[in-house]
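Accompanying notes for the structure given below.
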Amino acid sequence: MAMGDDKSFDDEESVDGNRPSSAASAFKVPAPKTSGNPANSARKPGSAGGPKVGGASKEGGAGAVDEDDFIKAFTDVPSIQIYSSRELEETLNKIREILSDDKHDWDQRANALKKIRSLLVAGAAQYDCFFQHLRLLDGALKLSAKDLRSQVVREACITVAHLSTVLGNKFDHGAEAIVPTLFNLVPNSAKVMATSGCAAIRFIIRHTHVPRLIPLITSNCTSKSVPVRRRSFEFLDLLLQEWQTHSLERHAAVLVETIKKGIHDADAEARVEARKTYMGLRNHFPGEAETLYNSLEPSYQKSLQTYLKSSGSVASLPQSDRSSSSSQESLNRPFSSKWSTANPSTVAGRVSAGSSKASSLPGSLQRSRSDIDVNAAAGAKAHHAAGQSVRSGRLGAGALNAGSYASLEDTSDKLDGTASEDGRVRAKLSAPLAGMGNAKADSRGRSRTKMVSQSQPGSRSGSPGRVLTTTALSTVSSGVQRVLVNSASAQKRSKIPRSQGCSREASPSRLSVARSSRIPRPSVSQGCSREASRESSRDTSPVRSFQPLASRHHSRSTGALYAPEVYGASGPGYGISQSSRLSSSVSAMRVLNTGSDVEEAVADALKKPARRRYESYGMHSDDDANSDASSACSERSYSSRNGSIPTYMRQTEDVAEVLNRCASSNWSERKEGLLGLQNLLKNQRTLSRVELKRLCEIFTRMFADPHGKRVFSMFLETLVDFIQVHKDDLQDWLFVLLTQLLKKMGADLLGSVQAKVQKALDVTRESFPNDLQFNILMRFTVDQTQTPSLKVKVAILKYIETLAKQMDPGDFINSSETRLAVSRVITWTTEPKSSDVRKAAQSVLISLFELNTPEFTMLLGALPKTFQDGATKLLHNHLRNTGNGTQSSMGSPLTRPTPRSPANWSSPLTSPTNTSQNTLSPSAFDYDTENMNSEDIYSSLRGVTEAIQNFSFRSQEDMNEPLKRDSKKDDGDSMCGGPGMSDPRAGGDATDSSQTALDNKASLLHSMPTHSSPRSRDYNPYNYSDSISPFNKSALKEAMFDDDADQFPDDLSLDHSDLVAELLKELSNHNERVEERKIALYELMKLTQEESFSVWDEHFKTILLLLLETLGDKEPTIRALALKVLREILRHQPARFKNYAELTVMKTLEAHKDPHKEVVRSAEEAASVLATSISPEQCIKVLCPIIQTADYPINLAAIKMQTKVIERVSKETLNLLLPEIMPGLIQGYDNSESSVRKACVFCLVAVHAVIGDELKPHLSQLTGSKMKLLNLYIKRAQTGSGGADPTTDVSGQS
């Protein structure tokens, strides 16, 4: 068909004037391309003139935009220089801010879109952070594409097209997001908008080959809008031309159904477009296309046949509708090039030098062909190397073999042929062979013959000429003779059906044909033949390791491993192993001439890089990636998905892809993402801070994944790897991780899933600091927002018990939260509904008692009497049972022969980890109680209880003395009970009585420095912190680190001072530089844990004021982080807040109003620490006015905070403060918010727990019903804490 005909055919149908109008203008992409980022198309989208959209002067009408305009606009932007990733991030943040707000002036938004292109031209894609910010730009680009200003829409479309052109498959996420919006532009009456949208979609289809785009296009093929349907089929046709088969396989059924609907479309032009797509479908899926054709009604079959005949593509029809066909070649050929085996002249046409611009698109590869001889490409290579050029279209004898042609990148710029309607160059048929098959050119310029070589099903094993599609002859003349003979004989059997299933095993050319085919299937046979499926097996490939992995610069879209000189000589090897490729060439040698031809065939086979599949890990043996029968180009094969390098084998860009899949709403994509994440983690690929944060958010949501069996199991496996690789960076997320895993232990899960949850808990326990885990568990236990089920309670208690066995005594922190948690555990020992909870709670108390006996004893002393009684009774029973158990086992040879000193078992350093291996007692704790009797134990324990209750705290002067006196022992010996306790293995008289042991324990209480006391009746900040009184380095050395003074060089504080100054400078950038300020806050949080006191002396006030000011920042994550830093400073240096208590309390309470839950949670945590850090009297005086005047939720937070403070106040002090406290609580009891009323009741209960019936006179204003409710809560608190005097009644009734 002549070029003129092509043009008129192109111009027939036009909706908005952007159909191709000429094949002459070359499609050039100015964007810089690296070899690792090709244009991702199987054939050059515009090798000799890409489709051009009609311009304003063309049929598009005024305002229409064509692709040439797009290409010019790609680089027609202001030049810009990128000096650092930080500068790039700032620029992208500003662009996003402008584009996300449609209130900005339209020209500002248009310039912002141009600036994105400027960044691309300047090489922004080389920076890792660019892809992270590109994800954030999705929404802004969509908003711009919806804009009412046509200029903004045009710039948005150009920018999207440029992103697709430069980034290729890396733009998959953005393309998926923007394509639906672009389709909405198609029916727009403004030509500039409609044509811009269409052009952008074309660019995306050409350069971004993402299977997820297919449903977006096919869904628009059934749109109510006629122009949208027409365009959609046109786009679908382009997609079928440009994409590799493996990218289409997943949606083959959708494509068939869509094309079928298009052929039945009510609109005539849409039907014409749909018929065009049939040819593309035929090239990729011949079987499905034939099935589709046969399912059509005769009238539609006839229309399709007529159309294909008129376009010269009758060879694409099924066998029944043409005179001859090949039962095999057409199945394997991607572009139905049936004429090639009979047409040697085409080789000359393709190899001869010409003026085509086929290589204008760097990195693109032509589609591979299935009918290439082993010798053909080698000959073409030799021919090319010798500089031979056959411009006449004829081929000299011996230069190339019959049927050979080079559909190669290397020779694609030497084509001498006709330009087809879509701009691709097709070879002309030369005169001597023109009559040799009645050749016709289809609408794309392909030459086809009606008569091609064909063999009968029964004769395949004896037909060596079929090997490599009957092209293995060394001269043109003999090749022509053979082809003519085969063609003539085949004419008589024009209706042979395609071979099915088992009939293919006998054909020696099956494997080789499949090997050179671009249809990525392990075996072309559809049925029971397993012979060829070996090609996809990973275990039968002896020479797989010739060359490890194709380098990343190979074509991503072709799905083929690249061959440096000749592409496709023995097939591109679509993920097929080296040995299979070798065997194909060797099998072809049966009919090859000896000598150089054979050597070249072997050499060519050996040149092909070995492929390596993406292997999943051992836990997924049922996955399709491990299946022998899996497709050679299945989803996880080497050339899978969007390119030759699997998604999960790329480094920087694939993390974003993996995270996107993990966050997908589709469970199968989440599973894929988890699999990819596992691969990254197994390869020790560490994630950046931003990636970690996002992954933690995704994982938090995954804990509630409804697809438990499918996704949650794999999530748990990935979680284990994630924790092991990033345990040092996940301490901020540990609360969520630990609490969610414990909650899952209480859920109804399959046994295998529950085992994985348990494994994740075990890994968590081993990976994080014990003290941090312990604090989180204490916090979780007392969290009033949680109502754990019985199973969850058991899980929490068992975890605490196991953790206690591996904790050091110093990890046991006697804080208010710990006391509250222990009191709750004591109440759980009487849980009426579950014996498991009762037993687990008892075990926890015993474990904590064993962990740090002095500290735990002090803690019990700070609890109300009812709690003490419950715990004392339990410990008494435990000691009695342990003693009896040891006595009964004394005669056993298995018992440890050397008894330990009684001081040893009472020592807090005797943790279960040291002792459990030395005893066989049921409790797994090692008590040396051979010489104890139960009466001694009971009396001694009673003495300890009395000592606790009568314990008197020393004065402030006495408190500071031990600090100096025992400076070297303070963080070791004295915390463990004095010098006598410093060595847990200290020997002693084995016959010491139990009374002596318990006396040691009681004396240990009195010898403890009181700054470690859990609760002082008179406020002392050192009771609530681990800091030392004199905040300077010399005192620090003298008090604690005399022996290690050299660890504190003199310039340490100076370095820290400079660092703090830098951090403060960064933090002063309010509402700007979000990422940098986050980093600064994290650094500041680390500094809070370092004891550089001189630095804090200098900068504390500035830090505090900046943090409080940051609480008003517009970024919620910054506000939450500031509260966390404040909490850490409170925790480590509470004494510094004495002069800033009121300001700190006010700002922390105000943060409870924040609309973001993350900020509120951080505020609650800060308030909780604040309540235990500053002076109770000072705190109450600040809180009382707030409770009386503030609105919800500030008053609620203040009441909760006051409740915590009251738990620390002595009876005498509370009596003095009661007149200030009560009015606010009485007022709150009448509040309209039920949560405020409830908080007031709890606070009153806390007051009653301290002062008892002295509260009664202050409750006179309460009504009878409120008094009754209050009494109920008081009695519940008393009974829950181990029993109380039943006559207690604040109302005076008994």
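Using the three backbone atoms N, Cα and C, a Cβ is placed for every residue, glycine included.
In Swiss-Prot, the feature phosphoserine is attached to one residue out of SER316, SER337, SER517, SER579, namely SER316. Swiss-Prot marks one residue of SER8, SER889, SER1281 as phosphoserine, namely SER8. If you compare SER352, SER509, SER952 in Swiss-Prot, the phosphoserine annotation sits on SER952. Of SER474, SER577, SER621, the one with phosphoserine in Swiss-Prot is SER621, while the others lack that note in the record, though it may still apply to them. The predicted model assigns the region 'Interaction with RSN and localization to the Golgi and kinetochores' (872-1294) a mean pLDDT of 65.
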